[in-house]
Amino acid sequence: MKFDIFKFITNSYTLIFLTLSTGMLLGKVKIGKFKLGISGSLFTGLFLGWGVLKLARRIPEGASDYKRASEIIHHALISHELSHLFLVLFIAAVGLMAAETLASVLRNYGVKFVSLGIIITLAGCAYSYGFSKLNPNAKMYESAGIYTAALTSSPGLATALETTERSAKTLIERYETLDNGAKDKVLGVIDPTGELNHENTQVLTDDQKEVFIKESRVNTGVANAIGFPFGVLVVILTVNLIPKLFRVDLEKEGKNFKRELKEMTEKDLEIETKKVHRVGFDIPAFAFACFFGFIIGGFKIPLGPLGYFSLGTTGGVLIGSLTLGHIGKLGMMTFRMNPKKLEVIKELGLSSYVGAVGLTYGEKVVAALAGDGVYLVFQVVIIAFLCMVTGFLVGKYLLNINWYMLSGAICGGMTSTPGMGAAVDAIGTNDPASGYAATYPFALICMVLFTIILNNIPL
């Protein structure tokens, strides 16, 4: 009987379940009043991801496990599809749980959430540009990657890469009209050795143009890849720390919110409860909510020269499940389900997704901290933290939004689903999900626009 231990420990399911079990245990450990909660899975995932890839790199060529080691080094420990499945399960569960009060929340907080989405994304753009100007060694188009990493936005990254390529092509075509300083910046991307300068390179060859476009995309992508896990980590930790830093009385906020919500929705809930009765768990309805969300997320709305807008998988599933949950029933499918059963799916989905993020980025995080990515990480951490604090100060003291809603709205403004999960986990109710859902689409639109602006600001 033969047991291949290397194949076993590098198996996606082995790693996910080990990360999930150890991460959940770590998350329950309390230090004073603070506990990691779901971010425990992120930390154990980062550690295991780093350890497994380090082990894989030690497998010599020709060894029996070399092929498997090469696969996980050049691809990923956890497939994109598997990690997104966990995320979809989490979002669908949260959407269905939060749907009953969504209409009342939108009627009373709608304009405030739109304002918050604009302010947080604009602040992130401004902070990212400011850091790029302060750093004399900043690479071209790196700020767009830092921006999308700090606000943990995958759709934002897709837009950033697309607009980086478009902007790079436009810039390179008018190379001869640029001033000498701008020419040297372009040539620095093409030839990092510094041999090329504006004096010896008056015209670019086609090969040099291709190199510039390719390296510009690389600068954006690498900045995002290094910074993204730190952005996620900062959002998760900050949503837990803000109440402590600003002395928010959670018990008082909870009582005030319940009173506000009761006044807003008493009549609506009474009518809805008579129409739709909850069931234990409706598998066809849950699956249809996910499917419906995929359809919504697949639509791409053209924005002319600005590219296109799409909610993507996560945004689509959230909007879809909220819509169906609000409707309550379609034919034989009932979308109002037992919250305790949805809670299990929610916690399992989010913890698994966060763990998968850790497994995917573990090696990059360690390499960034040990190498020249430290300043980039520092930028992402500060920008993410400042954006969230800006959102809190504006939301709490200017817009007067209750923390139960505001915590989710801030994470919506950051387009951070793991952050929303942390808010739900920290508060102990699903109320933040409504704030997240109402803010997220507007923040996503603004992020797309500000990413384009950031990539087209003059050199």
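In case you wondered, yes, glycine gets a Cβ from its N, Cα and C as well.
What TrEMBL records for 6-27 (among others) is transmembrane segment. Packing against the transmembrane segment (6-27) from elsewhere in the chain are residues 35-45, 48-49, 52, 55-56, 59, 65, 68-69, 72, 77-79, 82, 348, 351-352, 354-356, 358-359: each is 6 or more residues past its ends and has a CB under 8 Å from a CB in it.
What TrEMBL lists as domain 'YidE/YbjL duplication' is 16-243 (among others). Summarised as a single figure, the pLDDT of the domain 'YidE/YbjL duplication' (16-243) averages 82.
Residues or ranges marked as transmembrane segment by TrEMBL: 34-53 (among others). Long-range contacts of the transmembrane segment (34-53) within its own chain (CB-CB distance under 8 A, at least 6 residues past either end) are made by residues 9-10, 15, 18-20, 22-28, 72-73, 77, 229, 232-233, 236-237, 240, 244, 347, 350-352, 354-363, 365-366, 418, 421-422, 425-426.
According to TrEMBL, the feature transmembrane segment maps to 85-106 (among others).
For 113-131 (among others), the entry in TrEMBL reads transmembrane segment.
The annotation transmembrane segment is assigned in TrEMBL to 222-242 (among others).
For 279-299 (among others), the entry in TrEMBL reads transmembrane segment.
Look at TrEMBL and you will find 286-454 (among others) tagged as domain 'YidE/YbjL duplication'.
Annotated transmembrane segment per TrEMBL: 305-324 (among others), in sequence order.
The transmembrane segment feature in TrEMBL is assigned to 374-394 (among others).
Remote same-chain partners of the transmembrane segment (401-424), defined as residues 6 or more beyond its termini with a Cβ less than 8 Å from a stretch Cβ, comprise 37-39, 42, 87, 90-91, 94, 105, 109, 112-113, 116-117, 119-121, 124, 151-153, 155-156, 231-232, 235-236, 239-240, 242-243, 248, 250, 253-254, 256-257, 260, 314, 346, 350, 353-354, 357, 384, 387-388, 391-392, 395, 430-440, 443-444, 447. Positions annotated as transmembrane segment by TrEMBL: 401-424 (among others).
Feature annotation from TrEMBL assigns transmembrane segment to 436-457 (among others).
Tertiary neighbourhood of the transmembrane segment (374-394): same-chain residues 115-116, 119-120, 123-124, 127-128, 131, 135, 142, 146-147, 149-152, 223, 226-228, 230-231, 234-235, 238-239, 242, 246, 368, 406, 409-410, 413-414, selected by CB-CB distance under 8 Å and a gap of 6+ residues from either end. Highest Cβ pair count under 8 Å relative to the transmembrane segment (113-131), across stretches 222-242, 279-299, 436-457: 436-457.
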